[in-house]
Every structure is written in C-alpha cells, then in structure tokens.
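Have a look at the structure below before the remarks.
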Amino acid sequence: MTSASMIVDRKTQRYDRQLRLWGDHGQAALESARVCLINGSATGTEILKNLVLPGIGSFTVIDSEKVSGADVGNNFFLDADSIGQSRARVVTELLQELNTDVSGNFVEEPLQSLLDNDVEFFRPFTLMIATQLSSKMLARVSEVCVKLGIPFLAVRSYGLIGYLRLQIGEHCVIESHPDSPMDDLRLDRPFPELLSYLQQIDFNTQDGFQHAHIPFLAILLKHLLEWKASHGGLPPKTSKDKDEFRAEIQRARRIKEDGSRAEEENHDEAITHATKAWHVSSIPSEISALFADSNVDNLTATSSPFWIMVRSLRDFVMAEGEGLLPLRGSIPDMAADSDRYIRLQHVYQERAKHDVAAFTAHVHRHLAELGLPLGTISDDDAKTFCRNAPFLRVIRARPISDELASATSKLTDTLNFHLEDPDSSVAFYVLLRAVDLFFEEHGRFPGAGDDQVEEDIAPLKQYVVGLLTDLGVSQHAIKEELIHEMCRFGAAELHNIASILGGLASQEAVKVITRQYIPFNNTFLFNGITSTSSTVEL
Amino acid sequence: MATTSSSNHGADRSAAVSRIVGDDVYARIKAAKVLMVGAGGIGCELLKNLVLSGFVNVVVVDLDTIEVSNLNRQFLFQRQHVGLPKAQVAADSARRFNPQANIVFHHANIKNKEFSQEWFGQFDLVLNALDNVSARNHVNRMCLAADVPLVESGTAGYLGQVTVIKKGATECFECTPKPPPKQHPVCTIRNTPSLPIHCIVWGKFLFNQLFGLADDENNISPNTADPEAAGDNADAGRQDVDGRDANAELSSADSATNNNVQSLRAWAIEHQYHADETVQKLFVNDVKTLLRMDKLWRERRPPVPLDTLLEQSTDGTNDDGPASSTRLKDQRVWGLKECTDVFRSSLSRLAQRLSEEQAKAAASGSSEAAILSWDKDDDLAMDFVTAAANLRMSVFSIPNMCRFDAKSMAGNIIPAIATTNAIVAGLIVLEAMKILRDQFSICRMTFLARKPNSRMKVLLPTELSKPNPNCHVCAAKPRVTVHVNTNTMTLGQFDEVVLKGRLGMIAPDMMEGNRILLSSEPGETDINNPKALSSLGIVHDTSVFVEDFHQSYELTIRVLHREAFEADAQFVVEGQGSVPPPAAQAPAAPAPTPSADRKRKAEDDSDAPAVVDDDDIVLMDDGSASDHQPAAAHVNKKHRLETPADDEDDIVFE
Ligand SMILES: [Zn+2]
C-alpha cells in the first residue's frame, strides 16, 4: 500500500535500504558513475547485476564472443535461445531490464583492437572492470588505465578459485566509516566553553535527582582537574593512580539517609569511562603521514580539493588547533537530564562549528592564493572533512603491469611470508600466473579437455617451478595436489563462485565509486574449496 | 583475444559443475530435495545459485509480497511484480532458467501446520534465507525434530554470516540465548517520554488508534493511573518497540486501567478527523491533562503545549541537516510549523483513505470494518508518524529528528544491499555441497566482515561448536526455569507471553502432574485462561511439562514465584537475561535499534559506524580471529546471527 508522499520520490523508495549505508551523496556518486566491463562472463554479469541494482549511471560491456553452451550453463541471464548471439548485446539487454534508471551499452569490437587503435575510447569511464583476462591482456589494460588515470578492478573466476586485483593511482577517502571511532572529548585539554559549563554545575546539590543526572563527562572532568591540581598538573598515570581516581568518583556518590551510598548511574558511567579522563588527545599517525605528503607542500591550481583541504587542516593544526585536529563535536550518550545534556551537547557542537569556521578560512585563503573560485570547496564539504579528519585515508594500489613485469624484493618477501603457510590462498596467485604461462605456449589452459587433465599436470608443474624461481620463492611452496586441482578445473567458470566473486568485486567497486569505506589493497584470493580468503599487497 | 572463457567445454550446460564437483557429488545434487525458506534478498541469490549449481528439486516458502524497497537487491523481482507473492515470482524466474527444474512454491507462513515434521522430513537439506528470529527458531526446531541438516544465514549491511546446524553434532540456532526484545514501559510512552523512540512508538500507536487496529496495547492517551502520578496500584503494562509484536506479547494482558481506547477512535469519527481539532486534542488538551498530574513533573521538565510552543516559535526550518541534496528532502529536520502542516495534511489524507477502504469493504459486503495497517514503506503513513512523533518531541523538549531517521527507528530498518547477499548465498551453496558429500567435519560457520581483519581476512571461517548441553531446545531433556509472579500472571498471559512469545512455541499443551492446564485444542481449557497461575496450583517451585506437538518439542519448566521485576518486566527466563531496563533520561541517548542509532549519529559525525557492527568488528579485528576464535568472540558472533537479516521486514532487534 504505497501512495505518493509529499516528501520522498520513487528513487528514494527503491534505494531506501542502501541509502542507509552510503547516504545521498554516495548514491549521487553511484548514479553518475560510468562503468566499463570487459567480458560478459558469468562473473562479469554478476558484478554488473550488483551495480545495476543499486543504480549506477551507465555501463558498457566490451565482448566480442558469441554466447556458448557453457555460458548458458553458468550465467543466469542467458538461456538456450541466445546461443550463437552476441554475448555483449544479450547480456546488456538483460541487465538493463533489472533497472530502467541505468543506461546500458555494448561494444562487440575485440578488446585487442580497442587497445591497439582507440585508447581514447576508455577515457570517459569512472571505473574499468575486467573479468577472465589472462596475465598478458591484464597487463595491457592495466597500462591503459594508468595512462588515463582510471581505477581498474580485475576479477577472475577459475574453477573453485577466485582472484580480485585493484589498481588505483591515488584514492582519497574522506568518509572511511571507521568501526568504532574514539570519542573526541578533550578532557585532557578542556576548551574555555567546556570549563565554564563545568562551573555552572552544582555538584553539591541536595536534590537527589539533580545529583544523579549530572552528565558523567562533567563528573570526569571535575575529578580530573582536581587530581591534576593535587598532582603537579599530571593526570593519573600508574594503575594505582587510576584505581585511586575511580575510588574518588565512588566517594562522590551522594550519601543516603541510612548512611549508604546512592546508586547513581551517572557515577557508574564515570567510573566505567574513566579512561576517557587520561586519554591523550593527539593526531593519528596516518594523518601525520598525510601532512608529510608532497601534495601538501606543493599546492597548485590543479591540486585536488582533498589535498587543498589536507593542507588547510595542517595549517589549522599549527595555528588555531594548537596541535590538535578540529573538534568532532559529538558526545556519547549518558544518563543525564535533558537540560544539562543538551547544553553539554551544545558546548561541543559550538566548539566544533568554531573549528570548522577556522578551518574553512584556511581553505578559502588557499583557494584565493591558487586563483580558484571559493565554490570549489563548499562549506558542506569542509564540514564533512572536519568531522572525518582523524579518519582520512589515501590508498595507492600499484599498477598490475608493474607487478607482472618484474619481481621486486617486496613482492618476493610478501609471497615467501604467506607461502610459509601451506594452506594459504596466496598459493593460487602463483598457480594462476602459471596457468597463464601454460596458456601462452599451448593456446589453451591446462586440463581444458577432459582427457588432458593427467597429461597436463607435469608441464604445469614445470611452469610453477620456473615461476617460483623467477619470483624468488622456495620451490616447495606449492603443494602438489593444488597443481592437480588447477588441471582438474580446466579454467571452467562455476556460477556459484562467479556469484561470490561478483558480490565481493561489486562491493569494492561501490567503495571506489562512492569514495566511502576503504577498498582492499590490492589482491584478494578466494579458495572455494575451503571458503577461505586472503588479502595481500603485491 | 586471450580470455579464459570456458567455451571450449562444449554445449553441456552442466559440464563444468559435474567436472569440478565430481560426478558422484553431482548425482547427489541432482537427486537432492532442498527446502529454501525465504525468497527475499538472500533467497533470490540463493535460488539462482542453486539452480545454476545443478539442483533441480527445490521447494520455496515465503510469506511476503514484493515491495518497491526490495528492488535494489532482490533481482528476481521487477517493478511490475510489486504486490505479487515473492515465492511465486522467484520460482517462476528460476524455472525459466531451467525448465526441467522441479521448483515448487508456497506463498505461506513456514509456521503453518501444513508444514509438519513429516513434511520437513522429506528434504535432504533445509536452507534458511529468513529475516526474523521467530521463524528461524521455528525452522531450527522443525529441522531438529525431522533430523534434517540446516544451513542458516543472515546479512546486515556489509556483514554476513553462514552456519550449519546438524542435530546432535553442532549447536542449534537456540543454543546461545538471545537477549529479549527491547521494550518500553507503557507509562513512559503515554505520559513521560524522554527519548525520540518513545515518541516514535507513540506515533505508530496513534496511527493504529486512529486508523488501524485500536486496542488497549497501543493506547496513547494520558494514563492517569500512572503509579508514579497517583497511587501505586496500577500495573503498568509494557510495549514492544514494534506495535505488532506488542500485541502478540500482550494479548489478554492487563493493563492500564483508564481505558479511553474506544474513545479516541470514537472521538475522531465524531469530529470527522478534523485536522485542527485533532492537533488541539493531542498536542494541547492531552498535554494539559498530563500537566495536571503534577507529581510526574517534580523531577522532570514539564511538557509544553503546542499552542504555547507555536507562539514562542520563530520557526524557520532547522539548518543542521545536509541541505545540499534536493532529492533527499527527508534528511532535513522539519520545523514546528512544517511538522504541524504535515501532520494535518497526512491525517486528512489517511482519513480519506480509510473512508475509501470502508466504502470498498461495504460494497463487497464484508462484515469486517476496514482498517489501515501501518507500514514503514507506506510513505503517507510514514509522513504521519514522523510529524506526530516530532510534534510530541517538541512538546517534551526532545530534539527532533528527520523523516529518514524516523523511518529507521520506526521500521527497525537494517540496511541491505545486493553485494552482501550474493556473497552469503554463494557461501550457503558451498556449505550445502559439503553436507551432500557427508563432510560435516569440514562444515564451517563463516563470517563476512566489512574489511580485512588484522590477518587480512574478510571471510572468517570457524569450526562449528558442539551442542550446548543446557540448551532449552536441543538438549536431551530440555529444561528451563522461569520466574513469574504466580499470583498476578494468568494462564492466558503465560501462554501468550512466555510459551509463545519468548519460548517460541506455536500451540503448546501444558500439564502439571496429570492435570492438563492448557490445551492447544481450541476451547478446551479457555476457562483457565483468566485464572492466575497460583489459583491453578502453579506456585513457587512447581514444575510443569509443556509439549508443542507441531514442533515435536517437549520442555519442562520450573516455575519460581517472584513478586516484582526490574523495569516492570513480567517474567524472567533464567539464563536468558532479564528484560533490559528502559533507557535512562538522556534526551539524545541512543536509539534502541542499532540501525536507527547509526543514522542518527551520522547526523553528528558522518562517519559513525553502525552500532550493530561495532562489537562484532572489534572482535573480528582482534588478530586472534581465524580458525580458533576465542570463546567470547564466538558467543558474540553467534549473537550476530540473530540480528542481521535481509530483508528488513519488522525485525525486532534482540
Ligand atoms: Zn540447542
């Protein structure tokens, strides 16, 4: 029973459940995204399905293949009638049906010829996704994406194995959605408004209700200031100090008529959260590292808003912030009466607004100096940036072409580290590269015909050994039985694995497009035999 | 071009599957008879994966019909299917993919008697893709009774979980007790709201009072029998967050003595749902009634009638919301005047709709009076509740909230997306394959995290736990201890609130010694229902034997008498925690539903995490998480299974 509302529109209804994850600005980013998919395989189709449903702007499928019997067997969107037809076209039409808000396009020209003749074709895309590409083609697409500055997600489903690889030049995340951010309360460095709030609280009230509803932050701050006054300005340090500090709060409970201490939830909370009293406000190491980034010192008119804001943030820290980031302004929930809670909330919010204003002034100064319009960074952007200042992240996932071109010592170390565990999913990284070497020489994958499984084992092993040598990894790192498994897989794509990879890959695609949450860096391997996975930076 | 496409495998659509899983397992897959319960977010993905993995005998049961808000992830459904049964449309879609597949659907509640133990027994495997604890509990019991392996699953936002339940070998769904649903005391809702949720619940109740099923459980008028205000004799009933569950939980219960239940509906009819008069009554006159109960306001800030507020108000809309988007107007907090306007217009339009429904019902000769049912995705109803709740928040000096957040809170909405469901459905099939291979020893509980943990794992498989010997469901002789006030709780209440409500039974028979006190046969023991337990011989330390024939479930309950309970709970089941006390007096304290809380916080700091995630993530990220979870983490994860659920429908957070 849905009827027209005065407030919400059709899209809001449809996307209600996801808006609660990434907000309207995340949704707007999705709706303006142009996604390119290379190969309308089962895996590729599953990925696009999961992006078309939440409403990306448009997609383009590049595929020169015709629909085969195997496609019909592993792709839900294809049926027997489509065998022999253009896979790009059929897949596009069926995906388009899922959501009419999304525009679907397809290209039947072979990838090879696009790469050879028309690299500019790729320029408009927000994100490139390739499925079922072997190493050689992967490296070529990778190079194009580096050149055009487009994020690139490579996905491969091989028997019961899955591989995801993200390549991204510089991905700046403002809204990283940390799991459990520390409250930013500044009890160790109380600002003037907080101190004057504290002075207004009557801790000696005879009114039991009043006393039991003093916000615990005020209780903590009062006791902290008293402690410091009697301890040479230092907060509780040792565990003995801390016990004593808690005991002081315990003694501050009101005494009832029968002489016992009142049960007061606010005092319980103060004791539970006593660590907030000696928490030292500071700048997270990740943010200090960002301040040292060369982008910060070398602002130019082409600097991104992100780096202009990081620079402004650093300026703020060195000036008004007195060594700290802008106050975030939120306070935890607590047992308190409405009045004093709201006033405390207000004290923090006002201070946060004050800090945002100071920060925004730095932003405006830089924009002016760079000759950029002030509207380049809106007040809302500045506000969001300040709220997220401790959680900013920059991810750089290196080019796949570099990784494949030569083994760095870092790559060797990483592989050696992971392959010490004989059950590590990372073994499949080596095996996937080995089957590609096999492919380059034989023009087919090992075990690709039913009668070839046994005979391909020995040659595949040769490639594995050779590759391990090239990579500088111990030759015994890969279990023999895994080589057998790879031959048995015969490069077949199973729907169920495609579905899992499709889910994982599209999830990362959404993170990249919305610039919210932190995408993986940079290789993800899934083992469908054991339902285990690993993420490694290669 | 060099692709790794498997086109060289010939035209046989099943070649790849049989080759990789092995011919013997593939034969088992084809022979297996599988029950899939739920055709929502996980269900759509799961049915697709089953059919493409070679399963051909699948029965789908789902109670729901398709809604617009399903379409962002339930890909078997499209706009033209809205209103149709999910089970039917899903089965049709899957059949189109493989016309040889034998896919049967039931648009029905899995708890129905037709789905008996024998019926469950025909399956080799049951796969849950459910969205609520109560149905999960029930399927758990049916699978234990029929000794059929069960794969259980759930998702919430980016998080997901899959596990396997096998009678005698693993823990069952109910081995780990779940905390009872959060409830709010009636008096708080009616007289002294201090949190936004109190006003949201009030708004939903008001909807039912005016347009829906009006009964005493959702009374919203001032309660002059509030023990705090008057004597100490009134038994304050309690309300669930969700009105519907509250009804189930209470039914015959008590309670608040001054019933003007009929009168509000009658009053509205008498005044023809006149908007201004309704505003005057609810937000001015009723508030003045509350103000006269002066004891209530000795230690509380007294409410301010709306007319006074409007006089004082400079109004203008709140400028704190994200104003940039024109589309999501619902993320802006309305001003007082705007709330009043929305309230008035949505009231009139709902009244109009009610009278149309009544006219339709009359024309079709229906004897039952037509009513409107509240639905969070019904935008007009949501407008009404948002406006009503915000006006009440203003009256009680509680900070207002935007419609988007009000909806999270009112609907207990858990975010849901396609990606997580796809991953979880794929993992379910992998576990199903292990079961068909009789490889229970390698079955795992797998947890999907939002980001890699410190050991770089996103998927966290853990070994399945052994059954809890004290489980009140799967133990050899299940026993449980219940504390109640045997002098005030009636048998009828015990039946509804304890046996059905908390202990999840469908149709219990209860005996004390040889005496049958409660029969599941209609009418047989109705005469006992209004009697207090003690008058039926159930006093302190009496053991009763309860049997639910449908669930093949027998339980011995030791009843202990207790006079009073914390936070006016009615009973306590030992080992399952007491009903949590109502939240204290923080005006902006957390919303009771994690998802709501998440959004609400997001207003303050846009990176706020979902509270539902917090505990779990912290534990998962604790580097020890891999094959050997610490016990604490394990318990916590187990608990997670209850909360996440695609899809969203009326999940009560537990
Ligand atoms: Zn159990």
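Just so it is clear, glycine is given a Cβ too, placed from its N, Cα and C backbone atoms.
Whatever TrEMBL says is automated annotation, not expert-curated.
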Among B:218-241, B:242-265, find the range that TrEMBL records as region 'Disordered'. B:218-241
Please list, for the domain 'Ubiquitin-activating enzyme SCCH' (B:344-407), how many residues fall into helix, strand and coil according to DSSP. 42 helix, 0 strand, 22 coil
Could you check which of these binding-site residues, B:Gly38, B:Gly41, B:Asp62, B:Asn72, B:Asp131, sit within 10 Å of B:Cys471 (Zn(2+) binding site), going Cα to Cα? none
Intrachain C-beta neighbours of B:Asn72 (ATP binding site), sequence separation six or more, cut-off 8 angstroms: B:Ala416, B:Ile417, B:Ala418
Report the binding-site residues (B:Gly41, B:Cys471, B:Cys474) that meet this criterion: Cβ distance to the nearest atom of ligand 1 under 6 Å. Use sequence order and write none if nothing qualifies. B:Cys471, B:Cys474
For the recorded Zn(2+) site formed by B:Cys172, B:Cys175, B:Cys471, B:Cys474, which further same-chain residues have Cβ atoms within 8 Å of the site's Cβ center? B:Leu144, B:Glu171, B:Phe173, B:Glu174, B:Pro467, B:Asn468, B:His472, B:Val473, B:Ala475
Taking only the CA atoms, the spacing between B:Gly38 (ATP binding site) and B:Cys175 (Zn(2+) binding site), expressed in whole angstrom, is 22
Check the domain 'Ubiquitin-activating enzyme SCCH' (B:344-407) for me and report the mean pLDDT. 89
Students should find that the Cβ of B:Gly41 (ATP binding site) has, within 10 Å, a number of other Cβ atoms equal to 29
For B:Asp62 (ATP binding site), identify the closest of the binding-site residues B:Cys172, B:Cys175, B:Cys474, judging by Cα separation. B:Cys172
Name, in order along the sequence, the binding-site residues among B:Gly38, B:Gly41, B:Asn72, B:Cys471 with a Cβ closer than 8 Å to any chain A Cβ. B:Asn72
For the domain 'Ubiquitin/SUMO-activating enzyme ubiquitin-like' (B:482-566), what does DSSP give as the number of helix, strand and coil residues? 19 helix, 30 strand, 36 coil
B:Ser134 (ATP binding site), DSSP three-state class -> helix
